[in-house]
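Participant: What TrEMBL shows for this protein is this:
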ACT_SITE  C99  active site, nucleophile
BINDING   D25, D46  S-adenosyl-L-methionine binding site
DOMAIN    1-145  domain 'SAM-dependent MTase RsmB/NOP-type'
Amino acid sequence: MCTANLIVTNHEAQSFPSCSLAKDDSEAYKDHCKPQRLEFDRVLCDVPCSGDGTLRKSHDLWRKWSSSMGNEFHLLQVNIAMRGIALLKVGGRMVYSTCSMNPVENEAVVAELLRRSGSSVELLDVSTELRELVRRPGLGTWKVS
């Protein structure tokens, strides 16, 4: 892609490693201070999911799908998104995405992120940024039992 500000990795997202930066290679050896932690302005968490939002076009998924699949993915989705939050700069933005319509994989994950993060994370209304996108307000709470 010929860009200096893109990192492509192949790693389990929930345990994405912390990276450190030095100003350049020569300074990395001279300065024995703690290196600067790499933090991101933006993080996209497009997490594994049950895929029930793609049933109309994924005919093989019809045979595999079950109502419990959302519960099976919930904790993994929370862990991936929590790692994404941990990698953000203060004031950074994370987008959480699934191809599921199951609230256990969507609203319940977001509610858990907000619960675990306390006041350090906030849910943003971005309806003014994509006016042509048809939407409804999400649920503020959802308990997984």
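Placed from the backbone N, Cα and C atoms, the Cβ positions cover glycine too.
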Participant: Between the Cα atoms of D46 (S-adenosyl-L-methionine binding site) and C99 (active site, nucleophile), what distance do you get, rounded to the nearest Å?
Facilitator: 9
Participant: What is the one among the recorded positions D46, C99 whose Cβ has the most other Cβ atoms less than or equal to 10 Å away?
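Facilitator: Buried the deepest by this measure is C99.
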Participant: Count the residues of the domain 'SAM-dependent MTase RsmB/NOP-type' (1-145) that DSSP assigns to helix (H, G, I), to strand (E, B) and to coil, and report the three numbers in that order.
Facilitator: 50 helix, 21 strand, 74 coil
Participant: To what whole number does the mean pLDDT across the domain 'SAM-dependent MTase RsmB/NOP-type' (1-145) round?
Facilitator: 83
